[in-house]
Amino acid sequence: MAAVNLQASCSSGLASEDDANVGSQIGAAERLERPPRRQQQRNNYGSSNQDQPDAAILAVPNVVMREPCGSRPSRLTGGGGGSGGPPTNEMEEEQGLKYGAQHVIKLFVPVSLCMLVVVATINSISFYNSTDVYLLYTPFHEQSPEPSVKFWSALANSLILMSVVVVMTFLLIVLYKKRCYRIIHGWLILSSFMLLFIFTYLYLEELLRAYNIPMDYPTALLIMWNFGVVGMMSIHWQGPLRLQQGYLIFVAALMALVFIKYLPEWTAWAVLAAISIWDLIAVLSPRGPLRILVETAQERNEQIFPALIYSSTVVYALVNTVTPQQSQATASSSPSSSNSTTTTRATQNSLASPEAAAASGQRTGNSHPRQNQRDDGSVLATEGMPLVTFKSNLRGNAEAAGFTQEWSANLSERVARRQIEVQSTQSGNAQRSNEYRTVTAPDQNHPDGQEERGIKLGLGDFIFYSVLVGKASSYGDWTTTIACFVAILIGLCLTLLLLAIWRKALPALPISITFGLIFCFATSAVVKPFMEDLSAKQVFI
């Protein structure tokens with residue numbers, strides 16, 4: 001029932017070339033591209049400074065970085081000749097569309113798996129096809145053969161069930177607004193405990209009975225204990241992403257089977273229609289509870305509870321990001337750092353522009369010198385560690401080894417640039433620019449430095465998708481089942497397309513459920529009789 005949420009902020013990856021030995025030290029780095037307009041300047045500079053090999057170190061070219069999500073390269077913004085700037089709205093929209101399309105498959109796979117588990121269970125275990133016990137929220141059991149009586153009974157049951165859903169949703173929002181996190185966590189843990197232990201045990205028992213597999217009670221209890229404990233840890237604490245996603249898919253499928261089992265036939269269809277309307281109101285209404293939940297979580301910069309949300313994303317953690325205040329505090333506490341960079345932006349500028357690197361610090365002020373040059377010909381980084389040291393007979397050795405003069409003239413420039421890149425990739429570099437981010441595993445000790453990417457889909461959406469397909473599968477018509485399956489995926493794809501265009505939380509149920517209901521009844525009423533008639537008359541199209 002929760003809304004789909006897209007965060008299409010792509011983290012920048014550190015780039016490097018791969019045509020030298022130094023490049024092998026840079027793991028998983030992207031490839032640098034040199035702008036064509038710098039080629040002539042670089043050649044002129046190298047030819048005019050053959051007698052001064054150390055001076056070529058300062059001519060660091062502009063860096064073109066390629067985003068890891070597949071977007072266009074964007075130039076780092078820097079002083080003194082950096083021509084790059086922030087991306088335009090057109091590029092941002094293009095990146096968002098590409099990013100959303102990239103994650104469609106990542107969302108199709110879990111939705112398809114959840115529906116396949118439900119369909120396979122419905123067709124193999126007869127326990128979930130028969131309905132002899134009903135939920136407490138459905139007092140009208142549709143025992144009458146009259147269609148009108150069934151219709152009003154289904155309508156009344158759906159209204160009662162939706163009233164319970166609305167009350168529970170508003171209760172959850174009130175608790176979240178009041179920061180009653182312990183109550184919410186206890187509520188979710190109790191629900192997960194019942195699903196992972198009690199309902200899973202019932203599912204295992206019926207599965208063993210259906211396939212006539214003998215198992216003693218101690219073994220079954222041991223399996224259930226291990227399965228439930230690992231699931232509780234991965235959902236509510238920490239665990240591998242794939243494991244958490246697998247448990248969420250299983251929980252959604254199990255809950256869908258419960259609805260199929262204990263809801264009357266007509267009530268199930270009425271609930272699907274009613275829940276789609278409620279999802280539309282709850283997400284798009286200005287005072288909708290799900291919209292309030294999403295906006296409050298964004299304002300507080302908090303995660304929505306993992307037991308309610310399926311996320312297709314991995315965690316992109318920021319490594320050693322230094323704020324300007326921290327840099328100034330470091331500079332003021334250490335006398336030896338008076339000549340080092342005091343802001344991350346100045347460090348970025350020194351790496352992005354050759355004009356800024358060749359200057360003596362006048363473009364950014366005297367308080368932000370970029371590098372220190374020693375008498376022995378080496379250039380010091382901002383931390384005081386030499387980037388590279390050159391010997392006086394470097395070019396002579398290169399010519400003796402058979403290298404061309406052009407290669408020797410550009411050697412110092414390439415080595416200096418790669419040394420800068422290697423030093424920037426080191427995790428202990430405290431002066432790293434805040435524009436540099438690397439894809440790492442999530443750091444549990446620094447949760448504040450994490451940011452999320454990808455698509456999020458509420459578990460309620462998984463549940464009701466599976467209820468629709470499972471209910472269609474219970475009639476034994478594979479044509480209707482496949483039609484509902486395709487309709488749900490088409491509706492989900494349209495929802496993701498609108499999500500990438502509008503860039504706000506959208507309800508995931510209305511389009512998919514509407515398409516599914518239309519395809520289900522149209523296929524069972526029109527397509528199935530038509531195909532049976534063609535098959536009886538041996539007409540092949």
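Yeah, the Cβs are placed from backbone N, Cα and C, and that goes for glycine too.
Topology note: Lys178 and Lys504 share a membrane side (same topological domain name in Swiss-Prot). Remark: of the active-site residues Asp279, Asp461, the most isolated position is Asp279 (fewest other Cβ atoms within 10 Å of its Cβ). The DSSP breakdown of the topological domain 'Cytoplasmic' (528-541), given as helix, strand and coil counts, is 9 helix, 0 strand, 5 coil. Cα spacing between Asp279 (active site) and Asp461 (active site): 10 Å, rounded to the nearest whole number. In the topological domain 'Lumenal' (128-154), the DSSP tally of helix, strand and coil residues is 9 helix, 0 strand, 18 coil.
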